[in-house]
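As written in TrEMBL, here are the features:
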type: TRANSMEM; residues: A:12-30; note: transmembrane segment
type: TRANSMEM; residues: A:42-60; note: transmembrane segment
type: TRANSMEM; residues: A:67-85; note: transmembrane segment
type: TRANSMEM; residues: A:91-113; note: transmembrane segment
type: TRANSMEM; residues: A:120-138; note: transmembrane segment
type: TRANSMEM; residues: A:158-181; note: transmembrane segment
type: TRANSMEM; residues: A:212-229; note: transmembrane segment
type: TRANSMEM; residues: A:265-287; note: transmembrane segment
Amino acid sequence: MRGQSLGQIMQKLGPVLGLLAIVIVLSIMSPQFLSLDNLLTMLRQVTIIALLAFGMTFVILTGGIDLSVGSTLALAGALTAGMMASGIDPILAVLLGVLAGAVMGAFNGVIIAKGKVAPFIATLATMTIFRGLTLVYTDGRPVTGFTDSQTFDLIGRGYLFGIPIPVIIMFVIFFILLLILKKTVFGRHVYAIGGNEEASILSGIKVNRVKIGVYSLTGALAALAGIILTSRLGSASPNAGFTYELDAIAAVVLGGTSLAGGRGWIFGTLIGALIIGVLNNGLNLLGVSSNYQQIVKGAVILLAVILDRQKSS
Amino acid sequence: MSQQTLIEMKGISKSFVGNKVLNEVNFEILASEVHALLGENGAGKSTLMKILTGIYERDEGEVFVKGEPVHFQNTKESEEAGIAVIHQELNIIPYLTVMENMFLGREIKFGKTGFLNTKKMIQLTKEYLGQLGVEIDPLATAGNLSVGQQQMVEIAKALSVNAEVIVMDEPTAALTDREIERLFEVIERLREQGVGIVYISHRMEEIFKVCNRVSVLRDGEYIGTRVIGEVEYDELISMLVGRELGTLFPERDVDVGDVRLKVEGLTSDVFRDINFEVKQGEILGVAGLMGAGRSEIMQALFGYREIESGNIFIDGKKAKIKKPIDAIKSGIGFVTEDRKEEGLVLSMSVRENFTLPNLDDVSKQTVISSQKEHEFVDDMIGRFNVKTSGREQEVKSLSGGNQQKIVIGKWLGINPKILILDEPTRGVDVGAKKEIYQIMNELTAQGVSIIMISSELPEVLGMSDRILVIHEGQIGGELNRDEADQEKIMYAATGGE
């Protein structure tokens, strides 16, 4: 019994120790790495993946997966940019953009919950559909011509007390989601469904409703990520967020959440996203070519999962 | 006895992290013997068998196979020495054929070519199955076979590796009555062929029916070995629990009230025209053969299975039950037959499982109140005497009896009017059984109506106020407590008039 709880502690500490190890190595190899400027830049870059990964954590906890988040990000970003370009108030456009993401997520949820389609297949299909819709909507060109709004610029480029606003948004959302998972009935139901769907139905949990909720939340968070990215870049590219779903899944797995569902925590996902962000940033600083970066990232993910396996066995 | 001693285990001790789980245990298996290994959950039966088969290493003691000292390091070595285990969860790959399963990992090839000698394997599969006196097509897909047939395939597989000792762990747990009969015939046949069988089971009747000797373990101690035919049922029970158990079934003294539940003409694809009533504070036993549709009727009542027609009335009012949540809101709790698949979330803690159906009651708006939740769970742990290291322990690591208490306890949070218990004491040791019966009595004394499906006739007779017998999807009979006996129930369950 005692050994098990030690193992559980290790399970939880593992990602943090991994992040620390990477940070130490990078700070030795590159002196700029630990500068405040660089750390804030790095955090700002992490925001996008973190928001996708937060939603992905909920989805994976229910035993599902969402491959469409990258495309949702692009479509919601383009729609928001398009609305502003046609004169809609930026705040309203942002709200509608997030709502559009939630609707896309709900669409996934309905297909998966009511249509009983495997999440992998359902979101593989909508990944293509949403990307296609983005290309149709933008005619394959970046959406611009909305950059005169200072309010909108703030979302991606602003600072508050010297901290980038995207980073503040990320942490606020993180704490809200942490509370939802730990403290609310909805959060408990998310874990229960991933742990045993049958027992959840028989305990009176409205499993379909929870699933649709989870995918909607993920869609909304992906849209928010798309809006932040659009604001930062000053344009919405139809190719934005391409393959980001894989980084998001990697962050969740690095954080120690089980792909089988039912077990995991969102703090781990934050750490997982930071690991990916730190690696990207550090390797850039070191001047490693982006081709090699991919190999390093893949190797780190493999290493993390193998270490995790050995701890639990 | 002049039979050869196949296996002798002497003075076996084993500790896990300072916790002694076996203390100088002796056990032997003779050729042509069915030797029951009896003990409550946690008594050390599986640890002893795991030491025999080399999964665990013993701390002290000796093991002999036909007089030769052995020390197996893994199951491969024990298999080579002729020891096979038929696990409760069968090792069958459902998409492969019977023959492919039989020869998995030791396929017969044409020399060293790597090409499979299918013809030979089919012929051998037939032979081994024939030795058991069963007819199963070697080319049938294993997953399409009944559990009983799959078990036969595993036993045949054991024969094919020349097993002389076969350990059967709860072999009848998932079998129908007819399949159990068939299994007993096969066991007898194996015994005649000189095989020694270790028979692990909770079911006392089976042990008296099929075994030659019985050895009892309790809390890791070897209590003794008796010859069946020379030992009384009561003596075995007291060896098992270490005290006089008294009567297993507590006295039922309950005032039965008004009609609480009335079911009219309930019909689906597997049952038809089901009518019955349950009164306040009453225990309605539901008997019948496996597959008669007992569980299906209760699933329909709980909104977990579609019905074609029929009505459900609770306290005289018509209840609309389409989904489990509707049933729960009407005050029905359902303790399912399979607690691991349908009752518990194994990855969750004792606390989280207890409050799963009634989270709203321990929450303000939708935020869970830790204080309320802890109070509820601590109350339940005390009330049900759940043996756990605390409310945060994972339910996965609890014994069957304690898991079952949680599955029942989680429904008390909804203040049920009606509690459906499907095989409430399956896989539960005698001590916990008695506690569960007492809980049932307490609940009915508070006016809860209980519907109890059970395949154990003594339990049906011991606990029910009235007994409903289901036969092939229809009501085969209804008996009062005073008039019911095993014969009458079986008569109705098999379609007798």
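Positions of Cβ are set from backbone N, Cα and C atoms, glycine also.
Just so you know, TrEMBL annotations are computer predictions that nobody has curated.
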When only pairs 6 or more apart in sequence are counted, do the transmembrane segment (A:67-85) and the transmembrane segment (A:212-229) reach 3 or more Cβ pairs under 8 Å?
yes
Two-stretch contact, the transmembrane segment (A:158-181) and the transmembrane segment (A:42-60), at least three Cβ pairs under 8 Å:
yes
Between the stretches A:42-60, A:91-113, A:120-138, A:212-229, A:265-287, which one has more Cβ pairs under 8 Å with the transmembrane segment (A:12-30) than any other?
A:265-287
Give residue numbers and ranges for long-range contacts of the transmembrane segment (A:212-229): same chain, 6 or more residues beyond its ends, CB-CB under 8 A.
47-48, 51-52, 54-56, 58-59, 62, 64, 66, 69-70, 72-78, 80, 94, 97-106, 108-110, 112-113, 155-156, 166, 169, 173, 186, 190, 236, 240-241
